[in-house]
Amino acid sequence: MRIATEMSLDGTVREGGAYVFVLGNIAHEKYIVIDFTATSLTEVVERRRRAPMKSLTRVPLLSSSPRQQRRSQWWNAECPHPTTERPIPARLSFAAFSSSSPAGAAAISASAAKPVVVVGSANADIYVEIDRLPLEGETIAARAGQTLAGGKGANQACCGGRLDYPTYFVGQIGDDAHGRLIEDALRGGGVRLDRLARVSSAPTGHAVVMLQSDGQNAIIIVGGANMSCWPEDPRDEDLEVVRSAGVLLLQREIPDRVNIQVAQAAKGAGVPVILDAGGMEAPVPDGLIKLVDIFSPNETELARLTGMPTETFEQISHAARRIHEKGVKKVLVKLGAKGSALFIEGEDPIAQPIIPASEVLDTTGAGDTFTAAFAVALVECKPMKECLKFAAAAASLCVQVKGAIPSMPDRAAVVELLQSLQADAATKLMDT
């Protein structure tokens with residue numbers, strides 16, 4: 001029997017043919033308990049209430065140091081990019097061990113984590129808070145203004161770092177105050193900056209973000225170092241980082257030729273490539289799209305790039321098929337308040353409803369948070385449905401804070417939100 005499930009310390013989740021749950025605190029106990037005979041969640045809950053141990057199997061966990069025992073681990077023997085232990089409070093993933101001999105499980109081992117590598121833009125985001133967008137020829141006063149680190153590449157890298165996953169950022173900044181602002185923000189987010197280049201012949205890219213009172217925004221981008229001064233051929237050190245990745249994240253705020261060069265290196269090394277459609281409005285070159293494993297537009301970008309309407313789910317499905325025809329197997333569409341959907345060629349779409357936020361203050365970094373969180377979950381070998389849910393939770397937390405990088409949630413907050421949703425669902429189930 002194959003078990004591949006994720007659960008809270010005190011929860012039970014059905015997946016892979018068995019119920020897995022923990023008795024006691026995983027930080028101190030050395031056994032997990034598996035019920036191989038239960039056929040429903042209700043049955044497991046009733047058995048736990050009665051505590052008949054004869055139907056349960058105790059499986060020894062790996063021995064570890066006291067420090068390691070305080071950390072959860074993500075396991076998957078079939079994962080092409082296995083990950084190392086992750087500091088995920090009160091949550092544990094199990095995978096791929098045999099129950100042919102219930103008294104003892106096969107040994108489980110983990111390899112060093114392959115990083116998320118983001119190649120892309122870094123901007124200084126100049127925020128102006130306004131009641132509405134100005135009309136043509138009109139001057140209006142802003143309620144407030146500030147400058148924060150941003151840019152789609154930097155946003156996504158910082159999200160990976162805040163989710164406590166090894167993340168590299170390959171990009172360029174100018175030798176100016178805005179560049180130092182971005183560098184400090186990325187470093188504070190836990191991003192590895194070995195491959196961040198500082199150029200003296202171009203200013204740091206920047207963007208004017210017009211933030212309206214309802215949280216919606218309009219953005220104007222100045223490319224700066226993001227669009228100029230890239231070497232004709234990628235640096236060997238940059239390509240080495242790309243080839244070592246668990247997943248490569250790209251956007252369209254740097255030259256297409258740079259994206260093509262690093263995507264070619266990734267494909268040659270068997271590294272999956274995710275392309276966020278945000279950035280340039282021009283069509284995606286065929287030389288780039290054919291290298292992409294997962295293409296991630298929002299509904300507006302999908303409509304523009306396909307020339308098709310995207311007002312209904314059926315229309316979005318037809319537009320996604322147009323992307324499939326270009327050779328992309330998976331299309332991950334961000335639908336704003338309607339959630340998201342993953343369209344896998346030859347399979348039924350997977351829809352993920354929005355996880356409502358208690359308050360929406362700023363949607364600027366929500367799409368980047370979603371894409372990066374999805375990438376982190378993907379490289380941790382979560383099922384696609386769980387990747388979407390993890391990403392939706394991260395985006396829900398993001399919109400509750402102003403600013404792009406400042407709004408990126410940490411892993412503990414995402415896990416806590418998911419566990420609260422899981423607990424609410426279990427309570428509702430018990431009440432029925």
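Just so it is clear, glycine is given a Cβ too, placed from its N, Cα and C backbone atoms.
In TrEMBL, annotation is done automatically, which means it is predicted and not curated.
Listed in sequence order, the residues of the same chain lying 6 or more apart from D368 (active site, proton acceptor) and placing their CB within less than 8 Å of its CB are K152, N155, Q156, C159, D276, G278, A404. TrEMBL lists D368 with the feature active site, proton acceptor.
Annotated substrate binding site per TrEMBL: N123, A124, D125, G151, K152, G153, A154, N155, E253, D368, in sequence order.
Sequence annotations record features per position, and here TrEMBL assigns ATP binding site to N298, K334, L335, G336, A337, K338, G339, G367, D368. All chains included, 18 other C-beta atoms sit within 10 angstroms of the C-beta of L335 (ATP binding site).
Annotation source TrEMBL lists K(+) binding site at D362, T364, C398, V401, G403, S407. In sequence order, D362, T364, G365, T369, L397, C398, V399, Q400, V401 constitute the residues six or more apart from S407 (K(+) binding site) in its chain with CB-CB distances below 8 Å.
Per TrEMBL, the feature domain 'Carbohydrate kinase PfkB' maps to 116-410. Within the model, the domain 'Carbohydrate kinase PfkB' (116-410) carries an average pLDDT of 94.
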Env. residues of substrate site, Cβ within 8 Å of mean position of N123, A124, D125, G151, K152, G153, A154, N155, E253, D368 Cβ: G120, S121, A122, A149, G150, G205, A207, A404
Measuring Cα to Cα, how many angstrom lie between N298 (ATP binding site) and N123 (substrate binding site)? 21
Under 8 Å between C-beta atoms and at least six apart in sequence, can you list the same-chain neighbours of A337 (ATP binding site), or say none if there are none? I354
Between G403 (K(+) binding site) and A154 (substrate binding site): CA-CA distance (Å): 13
Counting other Cβ atoms within 10 Å, pick out the least crowded of the binding-site residues G339, G403. G339
To test your reading of the K(+) site: which residues beyond D362, T364, C398, V401, G403, S407, same chain only, put their Cβ within 8 Å of the Cβ centroid of those residues? L361, T363, G365, A366, V399, Q400, K402, A404, P406, M408
Among the binding-site residues D125, E253, D362, which residue has the largest number of other Cβ atoms within 10 Å of its own Cβ? D125
